[in-house]
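The feature disulfide bond is assigned by TrEMBL to 146-155, 189-198, 232-241, 275-284, 318-327, 554-563, 642-651, 685-694, 728-737. Taken from TrEMBL, the feature domain 'EMI' applies to 1-84. The domain 'EGF-like' annotation in TrEMBL covers 126-156, 164-199, 207-242, 255-285, 293-328, 534-564, 617-652, 665-695, 703-738. TrEMBL lists 806-829, 876-897 with the feature transmembrane segment.
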């Protein structure tokens, strides 16, 4: 055995061995040849002998050497190599040298059984990891597996701005210019913003970083959520909105000018005018209406006798004829008027209220009218100037002065619409109490109670309000007690739990901050705090606030003064006091409220370390995959990885024609209309085609699908590789080309008509005319030409013969007689010499028709071999024509019948050669009229040898090669011939 690794693992030595070989040598033999001589008995031929040599083979022994290999110590034979041997098995590696393991990457130790630690990788853990920021190192490749928030070859760089988490694949959700933490994604808000994603402005009253600064704005001013700058309401100005607008200015930042007239003042917030006494209108541009004066024109003038008052202070402007503060003093004495009071008033004195001191006009008492007040009011009206309409019902009359109803019998009340149920005193309705402020009989007395105390309509006694001491509240100031009592004379005790006393009159509790209810025994409802629970809580994210002070108590997962911030990364729960578990594939460490890992899409499990099962994807693996046709589903986004040959969002669409493979990225290379498999691109050939790309036609003799059907065409016809239809060669027809063209036609498809004359036939392929005896020419239209001594009329030389019938018959008779004589002599001589050379045929030489030598050979059965020796392309070709003697003569002379000529037709050939045979085995041919044979003699190295050794041994077949000495090689080929008979037309 010889090993390939001989120089390293084995030792070599040489070993002798013997083999049996076949060797060639020159073998002598006796060669017989013939010469011309005077021996008439042997047809003037004499036999001669000479020694020739030919190559022969014999067995021999040969001694040879070969190299023998033996494995070195520590190695063993393993097939054709010497493999090293390790006493201890290499667990994760292979034995590379005796007792030396070559470990696979990621393993170390003497037997490769120890995994690499976290700081080493590669074969034998020989490489040190280069990973940064607590990244893990792949023990096989050394590639760094970055922790969340880092990226790069060595995980040396933080995530780019806007990304965070594992592989920096997560997009930050922060708003308003906030940045997110590169590990957890927690948003770091800019000043003035709050919320988990910084989506909210700071609440009112707060501003700055994390909204932890209190706003200093006063008087309803609003501070900017970022800078804290106060935006003052209308009417205020200053840094903290503590200064009102100066006089004459109002609006936002006191930027507008007041438009008030007549010394009116404008409200600094709205610009509304506060008119000075005596004026009214939107801009105080109007004086008070007649009869009113003062601030807001709210006071009524007290001027009498139709006098007007001054609109600012109410001072009366008396009409002519009157004087006094209220113009109630007449300048003329009663009953007189005119400028000098000389004229006497014409008014009816009893019914007249006054007589105008200047004009003498009468002002009537209520109930009277007329120019001189001498007429009572008409029925249905009453009062001053009889201008009031009576309201009495049920046929009652009204008093002309007061309008009081005078009820008809049976009716009572003011308007006489109620039936009377008691007796009245002097017609007065006794069921109606005295008006407020009066008491006594017929309500004729006036009450004297003070401070809005209640006056008894019976005796006029005063009843103090609850919470006031009864010390004749009719004239003294009220006094209240704050010692936990209330009510009338402060004798009731307050019933309050968490209150600062109660109302002195009603006993309503004054609850402390954070308490509410009738007895102040209930805490403020959620979301409110302070006195009377009137202030709303400013706590976020479900936090509750202290009912007394409003401080926030954050819900689990939140922190900050307003509980607007979530727990820091890695913590969760109440007061953010609990530590998160080690989440693997998650959005940050854990949920800030529950502590659960917030798994990334595509993962599940308590630690987010499990991939979604097949068929599901997305957040919490809640979505079902839609992939079809064996497509695989991405557990993260549900996108489909299609099986080769399919595309589409759900892998439902096959590859377009001409494409194949994953995502249909490959182009088919199939030809001739073949379809390719969308899976692997394999070409599905159409019928008639084969090959890897369907570029090859079916092999000869096959057609159809997968070239599996054999062709049925004959006579060398071509078979259509697709349909199997036969395309016949020239001269044949039929479905399978099994028929020759019928007589009279030839050529392709037998569509051409023969043009031969004189009953001659034409070749079914070429249309060549085969003339009957006595005719010649391309169309057999010329008389007197016979073809002699040829195998084929197209290739043999023609000789002119006598065309007269008598000469032809005489020649044939003479020739036959001569042949018979020669044959008889040949038989006699052959018998005579049979004992001497029984197997040696006679060879004669005669001149060839074409100027070359030819010879004939007669075998023991009387068959004659006629040999034509031609020089063609430096090769000697011998044609041995075999027929029986008689038949040969008849074919060459046309002696079978009168007027009949024969010639050879086409022949089919078969040949093979044996380069080591000699010419001792001529073919054994049966004497048939229709068969001939020939021997092809291949050109020898020496072309000057005119002799050949011929033997009469019987061959097993009709194909032989003969060796002439060491030089001449002859090939016997069977030539099947058919003689045709042609008659003259």
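Note that Cβ sites are derived from N, Cα and C of the backbone, with glycine treated the same way.
Feature annotations (TrEMBL) mapped to structure.
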{"residue": "155", "record": "disulfide bond", "Cβ within 10 Å": "21"}
{"residue": "189", "record": "disulfide bond", "Cβ within 10 Å": "25"}
{"residue": "232", "record": "disulfide bond", "Cβ within 10 Å": "23"}
{"residue": "241", "record": "disulfide bond", "Cβ within 10 Å": "22"}
{"residue": "275", "record": "disulfide bond", "Cβ within 10 Å": "24"}
{"residue": "318", "record": "disulfide bond", "Cβ within 10 Å": "20"}
{"residue": "327", "record": "disulfide bond", "Cβ within 10 Å": "22"}
{"residue": "642", "record": "disulfide bond", "Cβ within 10 Å": "24"}
{"residue": "694", "record": "disulfide bond", "Cβ within 10 Å": "21"}
{"residue": "728", "record": "disulfide bond", "Cβ within 10 Å": "23"}
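Straight-line distance linking the Cα atoms of residue 232 (disulfide bond) and residue 694 (disulfide bond), rounded to a whole number, equals 89 Å. Long-range contacts of the domain 'EGF-like' (164-199) within the same chain, counting only residues at least 6 positions beyond its ends with a Cβ under 8 Å from a Cβ of the stretch, are 146-151, 158, 207-211, 224-227, 540, 562, 564-566, 568-570, 585, 587-589, 600. Recorded residues residue 284 (disulfide bond) and residue 685 (disulfide bond) have their alpha carbons 106 Å apart, per Cα-Cα distance. In this structure the alpha carbons, written CA, of residue 318 (disulfide bond) and residue 241 (disulfide bond) are 52 Å apart. Comparing the Cα of residue 146 (disulfide bond) with the Cα of every entry in 189, 554, 685, these being the disulfide-bonded residues, the smallest distance points to 189. Across the domain 'EGF-like' (255-285), DSSP helix (H, G, I), strand (E, B) and coil residues number 0 helix, 8 strand, 23 coil. Confidence across the domain 'EGF-like' (703-738), taken as the mean pLDDT and rounded to a whole number, stands at 90. Listed in sequence order, the residues of the same chain lying 6 or more apart from residue 651 (disulfide bond) and placing their CB within less than 8 Å of its CB are 627, 628, 629, 630, 631, 640, 642, 643. Rounded to a whole value, the Cα-Cα separation of residue 198 (disulfide bond) and residue 155 (disulfide bond) is 29 Å. Ranking the disulfide-bonded residues 146, 198, 284 by C-beta neighbours within 10 Å puts 146 at the top. For the pair residue 694 (disulfide bond) and residue 189 (disulfide bond), the C-alpha distance works out to 68 angstrom.
Residue 685 (disulfide bond) counts 24 other C-beta atoms within 10 Å of its own C-beta, drawing on all protein chains shown. Looking at residue 241 (disulfide bond) and residue 728 (disulfide bond), their Cα atoms lie 116 Å from each other. Taking the Cβ of residue 563 (disulfide bond) as reference, residues of its chain lying under 8 Å away and at least six apart in sequence are, in sequence order, 539, 540, 541, 542, 543, 552, 554, 555. Around residue 737 (disulfide bond), taking its Cβ as the centre, 21 other Cβ atoms fall within 10 Å, counting all chains. Long-range Cβ contacts of the domain 'EGF-like' (534-564) within its own chain (Cβ-Cβ under 8 Å, at least 6 residues beyond either end) map to 194-195, 200, 203-206, 210-212, 512-515, 523-524, 526-528, 572-576, 591-594.
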